């Protein structure tokens, strides 16, 4: 979904202001004109209201009533509104749909506006866009929220390059990289941005524009945001460094994208600069390349229906913290290609396996640790509250506990040592200060007050006492005055005119007006039966009581800002500790997964090996286990070199439902798990680094692009054949279906030869074209495998075992019978199949059509099902007999009945 650019008036900008327009609507027009392309949430009392086209868009998106408020140019003004107290829910829904919102608040008290005889002042206090969120209520705790900037450099020689920078301001992550235009789709699928910013030219580009418009939200911006000449200066200004030497080494194109990111953040945060980590450069080729189709087909983070449940991430996510879940998703999106880094992660998982007590103790500690990264981000942009301070306090206390528990490891592996060092970085003085300062029960918002612990600040305690104990203070003063004056009936009262005053009966009034009491008591009012006085002390107390509530809140807010300043001074250390928690959580989660699901440590090296023994599908295995069923494990060896079951291309035949697709996917997932540093579902695994993973498994129409299922399949196959190197792992399922049989067979045949001779990569190729198995005679690295089935009383039993050899039948009719096709259709299909199999290959299509008048049969079947032949009736009757269940007499009767039917036939 695309969002209107913010560089010129958008279609939803109201028409020029006419002469007779209300002051409120005039103010609205001015604010709206300054924020084109955004939905304006305009504060009106307890509601945010939207007008004109904004109202129409929001009403449709939110399913709320569209009404009207007044007129503009003689036309009703469309209006809708949402309650302020529920606005986060509505904002979340709008942002999820890719909209951007400007929140306009009242910035003065309505009473002050009335005194000025003017409309209440309002200003935009927040620009909310899909890629710049920090609030918990708007974020998915288990997923990163990335803003991505894309810059392109044109080259006359045709070597165009794309610079990318992506930021999650809720966690301060900042990453840059470069890629070729052909690699952009795979890179976008890996980053999975919530919002992308691009130039107008790139957004309109005929080649890349359609790809960009598939993203959840795209915001085109003016060229100055992507000005490479000013990029370095803008980055230096943001990070407050003199030169780029203080930041990571970046190419000019990467710096351009990075500068666009920080410029956009500066605009949307209205000048507030959330602290970001210095840009980290991702080296080209450091992660496994996975194109969008492969990510979707393998259901890495979402199923094909868009659900997290049922995906690979859902199956392996045993983390106990939101930050850990986000980091695991990041690793799954970008498996490593560096053998040493993978080994370090595997070492860390292995180190935690022998001690289940330590694992569970650490997981319990982490479970109590809040999301420090996002608390830190909210505090840094002024949107944090007392609970965010408490989150940092609790995180630091949990860090101490985790470090003490990790002391049980004699020699922690490097990955765990790094996490421990990160947990040690913040000063524990911060946790102690927060423990002293923060109350036990904390409000959500700082404006509610009551979050500073009693005894932390003397002046605050005194002010609170004055606020909370005003009655006791006045009562004590009344008793003292009564004693001093010798007037037992003296009272201190209050009204809105005089405020606090001393009241005595008329007969005692003269006494208070005579020396020496007249020096203390000042006459204010004489009534028929009472005389009223005030005192300087009472005036002071009245002022203190009147202002005590405001003063108490003011003091608390001062304390809050001082504590936030302590946080900002320790931002880098706190961020490091938060990442240490996340890394430790992922390691513990993978250790738990390995133990619970019986995974083994893979051998990952720089070879071209791919040898799996006892491999299993991680998601399917869990689903079967829940139903009390076992998963049938299978071996796979795509390693180069001679071997009985070794070939770099496996050609797999067998019926539908037998498990071919599961076998293909499980081997791809095993490779992926190994390269994120996880143990794998197998009894043994040796995997040479896979640099690109390709999957063409399943397809559907792409109606939006005018592509049929077959066209989608061919496009995906073309990508594989054009891009797969010898280090790639390719899984292909049913290439060539969806067109004429011989066309499809020819395409599949040629694709296998291309994989064998040109790509020379490790491949799994499932097919129903049994003729392809003959290729193994001329392609030395092609190995035939089949999925074992067994026939029983005319039905097929799937054994889900992958063995050497090839299938001679597809068992399609048996599968159709299992699916519940009508018996008449199954019977007719068997008849047609028998005749087809009896045909000579050289027989003409016309002769075949004459022998099998299919259209005539179809026409007749539409009126009434064609009855089975007598021979077919006899066969079905025989199948229905169960000799072991018949008595001798019943068996004899059945035989006579069959003979009688045969005679009639």
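Numbering starts at 1 and runs along the chain as it is shown here.
In case you wondered, yes, glycine gets a Cβ from its N, Cα and C as well.
Feature list (source: Swiss-Prot):
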- 272-292: region 'Disordered' (REGION)
- 654, 655, 656, 657, 658, 659, 660, 661: ATP binding site (BINDING)
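All chains included, 27 other C-beta atoms sit within 10 angstroms of the C-beta of residue 658 (ATP binding site). Every protein chain considered, the tally of other Cβ atoms within 10 Å of the Cβ of residue 654 (ATP binding site) stands at 29. DSSP assigns residue 655 (ATP binding site) to coil in the three-state reduction, placing it in neither a helix nor a strand. Each of the binding-site residues 655, 659 was scored by the other Cβ atoms within 10 Å of its Cβ; the lowest score goes to 655.
Here the region 'Disordered' (272-292) has, by DSSP, the following mix of helix, strand and coil residues: 1 helix, 5 strand, 15 coil. Classification of residue 661 (ATP binding site) by DSSP places it within a helix. Cβ neighbour count for residue 661 (ATP binding site): 19 (other Cβ atoms within 10 Å of its Cβ, all protein chains included). Other Cβ atoms within 10 Å of the Cβ of residue 656 (ATP binding site), summed over all protein chains shown, number 19. Other residues of the chain with a Cβ within 8 Å of the Cβ centroid of 654, 655, 656, 657, 658, 659, 660, 661, the ATP site, are 766, 787, 798.
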